[in-house]
Amino acid sequence: MISGVPDRWKVVASSLSSNLDASYPTSSSLSTEPIDTRSSSPQGSASTPVDKEKIIRGPVDYLLKCPGKDIRRKLMQAFNEWLRIPEDRLNIIAEIVGLLHTASLLIDDIQDSSKLRRGIPVAHSIFGVAQTINSANYAYFAAQEKLRELNRPKAYEIFTEELLRLHRGQGMDLYWRDSLTCPTEEEYIEMISNKTGGLFRLAIKLMQLESEVTSDFLGLVDLLGVIFQIRDDYQNLQSDLYSKNKGFCEDLTEGKFSFLIIHSINSNPGNQQLLNILRQRSEEESVKKYAVEYIRSTGSFAYCQDRLASFLHEAKMMVNVLEDNVGFSKGIYDILAFLL
């Protein structure tokens, strides 16, 4: 107690402290699941602690209610046919990866000025940019907090390493776009290995902490991440379903150097048309259709298909080697079939 303070002030201070403590959830009470609003409310408080949690998580929960392909969960289930970790541990890791993936999508959509995600308006067009950034950052730390449930000290090292790699990859992707610098194919593959492969690796590394199986799966995981992103690049310029979910040829509007765009530019460096289209960030369908035809004229769609076929063949060879050590996984073949 501070001497010389009137008793009535001490009573007020004590009351304020109690109200503040009651207004926010403790770290142990935070959930990674969407929380429903409660009708009751403490006297003198405009909203309950769970109301505040719901507000903070609003953009995250908005996107979670419209699930995507859930390829990361399917990948984890496929690898678990080899790793054989308990279902409750798998679910914890899946929640961690799900939160991180959702957070990264929220930030990506802001950085890319996207209009649609999974066929609905992007979160920041509903909640605003500031609230969406805060919700995404909150989800990163909610995922980190959930690591405690694994009770594996090395999990924190894995978490930090892969999030750093993810942000390094994203940083280079943004730099190339904003400086209109076309990378080489090798630089692009390194970038997507960091960015897209990051959460794939994080999931499998955390699963390996829970498993007695010691085989090295990371080469296959890295390759699957590369295949997934290059396939995504192809569909962005080719798929009607992709256009419905994210917009027609969104990579061109974003000014993004995707796998096909990089090949097309590098196949004829003297022709600046595609670079100029990327610079414009055009939303005009006629301009984007012209760009797609130019990309086709440089053989970039055919080249992308050939590279994907080569990568998939390499992945199948890796699976064959792993099967000699850890047995058959139907889920892995389902993943490979999905990526065809």
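The backbone N, Cα and C atoms fix where each Cβ goes, glycine too.
These features come from Swiss-Prot:
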- 19-48: compositional bias 'Polar residues' (COMPBIAS)
- 19-51: region 'Disordered' (REGION)
- LYS69, ARG72, HIS101, ARG118: isopentenyl diphosphate binding site (BINDING)
- ASP108, ASP112: Mg(2+) 2 binding site (BINDING)
- ASP108, ASP112: Mg(2+) 1 binding site (BINDING)
- ARG117, LYS195, THR196, GLN229, ASN236, LYS246, LYS256: dimethylallyl diphosphate binding site (BINDING)
- TYR140: site 'Important for determining product chain length' (SITE)
- ASP232: Mg(2+) 3 binding site (BINDING)
Output field, isopentenyl diphosphate shell: CB within 8 Å of site CB centroid, site LYS69, ARG72, HIS101, ARG118 dropped: PRO67, GLY68, ASP70, ILE71, LEU105
Candidates LYS69, ARG72, ASP108, ARG118, ASP232 (binding-site residues) - the one closest to LYS195 (dimethylallyl diphosphate binding site) by CA: ASP108
Diameter of the isopentenyl diphosphate binding set by C-alpha atoms, the set being LYS69, ARG72, HIS101, ARG118, in angstrom: 16
Minimum Cα separation from ARG117 (dimethylallyl diphosphate binding site), reported as the residue among binding-site residues ARG72, HIS101, ASP108, ASP232 that achieves it: ASP108
Residue from ASP108, ASP112, ASP232 whose C-alpha is spatially nearest that of LYS69 (isopentenyl diphosphate binding site), among the binding-site residues: ASP232
THR196 (dimethylallyl diphosphate binding site) to HIS101 (isopentenyl diphosphate binding site) - Cα separation in whole Å: 10
Rounded inter-Cα distance in Å - TYR140 (site 'Important for determining product chain length'), LYS256 (dimethylallyl diphosphate binding site): 25
DSSP state at ASP232 (Mg(2+) 3 binding site), helix/strand/coil: helix
Euclidean distance between Cα atoms of ARG72 (isopentenyl diphosphate binding site) and GLN229 (dimethylallyl diphosphate binding site), Å: 13
